[in-house]
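Taken from TrEMBL, the feature active site, nucleophile applies to A:THR193. What TrEMBL lists as substrate binding site is A:THR156, A:LYS182, A:THR193, A:GLU279, A:ASN403, A:SER408.
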Number of protein chains: 2
Amino acid sequence: MAVNLHIPADHEIYPIAGIEIGVTEAGIRKADRRDLTVFRLSEGTSVAGVFTRNRFRAAPVTVCERHLASTTGIRALVINTGNANAGTGETGLQAAEQTCAALGALLGTKADQIMPFSTGVILEQLPVDRLIAGLPGAIANLSETNWVSAAHGIMTTDTLPKIYSQRVEIGGKTVTLTGISKGAGMIRPNMATMLGFLGTDAGIDQGLLTSLAKEVADVSFNRITVDGDTSTNDSFIIMATGKSGLTISNTTDPNYQILKAALAEAAADLAQKIVRDAEGATKFMTVQVEQAKDVDEALLVAYAVAQSPLVKTAFFASDPNLGRIVCAVGYAGIPDLDVSHVNLWLGDVHVVLDGGRNPSYQEADGQRIMKEAEIVMRIGLGRGTASDTVYTCDFSHEYVSINADYRS
Amino acid sequence: MAVNLHIPADHEIYPIAGIEIGVTEAGIRKADRRDLTVFRLSEGTSVAGVFTRNRFRAAPVTVCERHLASTTGIRALVINTGNANAGTGETGLQAAEQTCAALGALLGTKADQIMPFSTGVILEQLPVDRLIAGLPGAIANLSETNWVSAAHGIMTTDTLPKIYSQRVEIGGKTVTLTGISKGAGMIRPNMATMLGFLGTDAGIDQGLLTSLAKEVADVSFNRITVDGDTSTNDSFIIMATGKSGLTISNTTDPNYQILKAALAEAAADLAQKIVRDAEGATKFMTVQVEQAKDVDEALLVAYAVAQSPLVKTAFFASDPNLGRIVCAVGYAGIPDLDVSHVNLWLGDVHVVLDGGRNPSYQEADGQRIMKEAEIVMRIGLGRGTASDTVYTCDFSHEYVSINADYRS
């Protein structure tokens, strides 16, 4: 049951000139399931990515970074579900490279112009023969209008497809941004078990796009958590084809900030959709931490609260057991935190005043907010002026069911 | 459903000369429930404690430390359930001091010779009047044989009482160790929502006992985790009455190591019993990390694995989805971890060999181990010679139910 997850109607989903998508059933793990997706990119498309910092990074992540560094032009992406190709050692790396070579041969590009992505079970070898056998079917399906199909094609335990599409006027040109993402579990930043692919027909200099992708990830995919498990495969990719006629080469371009804001909005939407459709989620929670000494400290507290199983089960139950939030603030890891300066608001209700229960707080007010599907927690630390925000969801029976049964 | 939690028979529970216990129903939160426990200690008893490092430490924890520092002789403990007296500000501190003053007046001691302990809901004021009104009933009940009753009296969501009792010969004297603990949720070291009280009739110099309590906690209560939530109230107390005739004043005493080992065994048993009866636990898991550069690093990895909701739900399901363990090792936070040196054993089954799936690993073997109620995971990092061990449990539907309904 996803929380207020908006799926744009077909006519609201704008293709990106220069990006074609093909989706097929390759039978990687299960039959009758779209599990193989290919993106073909027109020549001159800039591509940049941000990848998991898990030390057990999956083979495709290693290959992606290798290919991004070695080539001047990425021309295609290939994404499979059903198997993460992680913890698979040298065999896994060879499987990912083989996949790229096979797709490159079919598309007439070099192997290092392909980026591979995998999501699914860890520690099992990728069935690379079935994957490669599926590639011609994906290529036969290539079309600029296949974004919805791709959003389905990359799903694992997601219950709904995640799509963002928008047109903005920048510098007199109509620029389109369309993207998809997937997530569901094993989600916390740097990065999540999540894949995000954002296309735009703006033209962005390759070097600029590389730094921009990191900045955009840091306000979107790197600000969500479901269960604190940082996956082995997380990848967020921006592809900029330049077909709109707008081209940006440096940060001093007056249109740079406008485009960056549009990309950030798109990525935040795609990231938050992952939380809205997280495994078992019934509520969408925003944790804002303010008055921190620095952003690191704000995030430390925000994640402690957002990842506390006790906080998350209380929200599931709509139980204003708000001491659990306070407790998480206390163990977050700020050694010199003076709790007598800590304040907490739940929605518009001031619950904790200077470290203790606000005398005017009524449990009925807390209860009213807890029953909502979208809840904002605001925590003031009284230490400085830095702030940051993390998005998460509650923790339900359904989460346990899904993760206990995932492979069955 | 607790996992292999041994409750000693009545005749196996040895009183500690010099420690009397009284338990009563004070109606602190619910009626018809033993919720108030008093320990009276004979003059000359040494007492030392280890307390939560949560910055939102509860009022009684602050008062305990204050009294330990200001007095030379603790003469009683008072423990209530139903309310944690945490996040209660100055009012909470006054309530804890009032409790000590009232008990001191009844027992003929000074207020600062009393240590108060609370466990229960956070962010609500302690009903100190009901607590104080209950004290005479607890005092009337004082007896050296009330350990079982006390083990019940300090329970919250625990399903079973946790008791340890043992006699050992040290230096020609029979030394008795008897203790109780409670836990259930909001449990991870430094410390857990847990209370542990360990009595012995050995005599231990006060200064020595203070350092000893920390050492003993670090191999017991500071090595368990249920949900990663470090509570506001955790306290572990050792009381040494000296009535056995054995007295130890310094670490060079030949009997010191023997006593320390006996205390460590007692504390480890009481701590592990908390995990065995953790909220919703169906399995008891031991996470051993070896070949780390140092102990901090070993613990970083052990806790990442022990606290991963994905690992814990996989164990609940008896599903050998062991990639989740590998994933947790990868995100534990060792920046220069070379995963090609990582090995994983599940029981006697070698699952991960040098960072990849062991070619000889058969899923049936993993499945066999996963079905057991007690599971040992051994993780080799291939970086050094340090090792450490953490104890945890699985993550079940029942955990969500208990924590969603706790206050209802």
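Glycine is treated like the rest: Cβ placed from N, Cα and C.
The model shown is predicted, which means the values in this text are computed figures rather than measured ones.
The structure, with features from TrEMBL marked on it.
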residue  : record                 : DSSP (3 states)
A:THR156 : substrate binding site : coil
A:LYS182 : substrate binding site : strand
A:GLU279 : substrate binding site : coil
Exercise. Taking the Cβ of A:GLU279 (substrate binding site) as centre, how many other Cβ atoms lie within 10 Å?
Worked result: 28
Exercise. List, in sequence order, the same-chain residues at least six positions removed whose CB sits under 8 Å from that of A:LYS182 (substrate binding site)?
Worked result: A:THR119, A:ALA151, A:ILE154, A:MET155, A:THR156, A:ASP158, A:LYS162, A:MET194, A:LEU195, A:ILE274
Seminar exercise, completed: Cβ neighbour count (10 Å, all chains) around A:THR156 (substrate binding site) is 22
